Amino acid sequence: MSTAEIARTAVGIIGNVIAGCMFLSPVPTFVGICKKGSVEQYSPVPYLATLMNCMVWTLYGLPMVHPHSFLVVTINGAGCVVEIIYITLFLIYSDRKKRLKVFLGLLLELIFIFLLSFVSLTMLHTVNKRSAVVGTICMLFNIGMYASPLSIMKLVIKTKSVEFMPFFLSLASFGNGVSWTIYALIPFDPFIAIPNGIGTMFAVVQLILYASYYKSTQEQIAARKNNGKER
């Protein structure tokens, strides 16, 4: 094994660990949701986007699509399981209107990944063609996953509160983007490098927003508690 291959494997393992932390970072959020019995203003979009992203990357990493990508398959396969659990909790604790939207979104994603798998494995007859087609789609969905918190970022700016933008998810997204960008440079894989580079920038914006509105968030939470005591 060459030095470059050893370095790539090492960075890939680190990327797996950081990505695993990213997938698990919303656990405290969902513990709170279960305790309150409601998803409140939390958005299902980041979790649906992450599930779609994990499914297409799992397909990309298969030996018959893009050989020698075992580390891509392991972490994204695990990510699929974790995100399905989160989405299930959204279905349980959402109101009827939001539950229907989440269910339809999930259904469309499953139909899409089935069709993509079918077309890739039966109509594209070389590894290069499969890698190019699936890789391009992966790139788009990966950018979509990183951009999915934009709706929450809009809410943060409007309310001057980061209460519904989980900090650890933003932090883990930053670490994940950096590690997989480095992984994609040894050797260069544009399908991994480009979306994760862009994702790193999105995560930086989220962290800046968190730092900017953390104080006002604490003030709003304290004000609500004081109003509750007065009643």
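Including glycine, each Cβ sits where the backbone N, Cα and C put it.
Curation plays no part in TrEMBL annotations; they are all automatic predictions.
Feature annotation from TrEMBL assigns transmembrane segment to 6-33 (among others).
Residues annotated as transmembrane segment in TrEMBL: 45-63 (among others). Same-chain residues lying 6+ beyond the ends of the transmembrane segment (45-63) with a Cβ under 8 Å from its Cβ atoms: 23, 26, 69-73, 76-77, 79-80, 83-84, 86-87, 90, 102, 105-106, 109, 112-113, 116-117, 120, 131, 134-135, 137-138, 141-142, 144-145, 147-149, 151-152, 169, 191.
Residues or ranges marked as transmembrane segment in TrEMBL: 69-92 (among others). Here the transmembrane segment (69-92) has long-range neighbours at 9, 12-13, 15-16, 19-20, 23-24, 26, 30, 33-34, 39, 44, 47-48, 50-51, 53-55, 57-58, 60-62, 98-99, 102-103, 106, 192, meaning same-chain residues at least 6 beyond its ends whose C-beta is under 8 angstroms from one of its own.
What TrEMBL lists as transmembrane segment is 104-126 (among others).
What TrEMBL records for 132-152 (among others) is transmembrane segment.
What TrEMBL lists as transmembrane segment is 164-186 (among others).
For 192-214 (among others), the entry in TrEMBL reads transmembrane segment.
Sequence-remote contacts of a segment are chain residues at least 6 beyond its ends whose Cβ falls under 8 Å from one of its Cβ atoms, and for the transmembrane segment (132-152) they are 43, 45-46, 48-50, 52-53, 56-57, 59-60, 65-66, 116, 120, 124, 164-165, 169-170, 173, 177, 190-191, 194-196, 198-199, 202-203, 206.
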